[in-house]
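*Asks:* Before we start, here is the structure in question, set down as structure tokens.
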Amino acid sequence: MSASSASTLPPVGKSGFTKLCKGLAVVLFLGHIVIRLFPSAVTYLALIPSRTIPFAWNLVTSGYIEQTIPGVIVSIVGLLVLGKVLEPLWGAKELLKFIFLVNLSTSACVFVTAIVLYYITQQEIYLYTPLSGFYGVLSGFLVGIKQILPDQEITLFLLNIKAKWIPSLVAFISVSLSFFMKDSVSYIPIILFGIYLSWIYLRYFQKRLEAGLKGDPSDEFSFSSFFPEFLRPVLDPIASVFHTLVCGRSERSEANDQTLDGLLPGSYSIEANRRRERGQRALEQRLAEKLAAVRSSEATLHHHHHHHQQQQDEDDASDKLEQRCAVLSGDSSKFAERIVDSFSCHRHELKIAM
């Protein structure tokens, strides 16, 4: 379900949380403890755009550093709860791969965005604000839930909301709060890039071994599916144009056997036809195998029936032969008795004559 999901179930403890998720929760907790005990460690572990060039490792470490107590609590709880749903379906290796790629790509996009905003606005806040947090990966988990359980209802604030709308709702609330909270600059880009980049990975690159392809080309997981129905007729053509101009996924790339049809949805995807053709071929092959098995079974039954009939005929012939021999044996005995009686009568007649 990228992911893929073709692996054995991971080990689960009595609490139901997997070992991988509990291990990452410990990493988040220890990361927060480190910056609490050594505040200067934020300079080396968090993403500070002005220092990223010499300290490139913070593109990786920043995702596992929570600078606030509420932040570390939300991250740990979200990791344990959402990871408990995704890991049994994807497998531990795929989940770890997903976390690493989404975290790294989100940090890289946040870094580039901060540099661009600095050159546009000339505000140094974009260069020196420490950016960190697990929100990007948590947002990616919500996208994974949307893909796997889109119609699952979740109760939020006494409202039942389908899982497919949760990522969109989180993005909307985050953007709305950014107009009233100046501190939102430290987490809004992480959440938005986490949602978008995780969707790109699940849509186009996650290996699905059970289906024999990459990504999820279904319309239910298209880019426009994150928006209300009335906006999709407007978004799809825009996405198609953006796809053609920016992504370069034209008919030429499709001719080169690209797996999926672009960075943004909207253009016609041939993957669905390929999947249907593969399914049809597999179905025809299975039907042919079943037909061959039925024919082989019928031939075997016919052979056994013929052999049984032949054996029965042989037994009947043997019985008839035995009966004939018995008759012949009885006739021979009677004939011998008649000869003996006749001989005895002749001897008796001779004695009288003498």
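Backbone N, Cα and C define each Cβ position, glycine as well.
Whatever TrEMBL says is automated annotation, not expert-curated.
Not measured: the values here are computed from a predicted model.
Reproduced below are the annotations present in TrEMBL:
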- 298-319: region 'Disordered' (REGION)
- 24-48: transmembrane segment (TRANSMEM)
- 68-86: transmembrane segment (TRANSMEM)
- 98-119: transmembrane segment (TRANSMEM)
- 125-145: transmembrane segment (TRANSMEM)
- 165-181: transmembrane segment (TRANSMEM)
- 187-205: transmembrane segment (TRANSMEM)
*Asks:* Which of 98-119, 125-145, 165-181, 187-205 has the most Cβ pairs closer than 8 Å to the transmembrane segment (68-86)?
*Replies:* 125-145
*Asks:* What residues elsewhere in the chain lie close to the transmembrane segment (98-119), defined as a C-beta under 8 angstroms and at least 6 residues from its ends?
*Replies:* 2-3, 24, 47, 49, 52, 58-60, 62-64, 90, 126-127, 129, 131, 136-137, 140, 144, 189-190, 193-194, 197-198, 201, 206
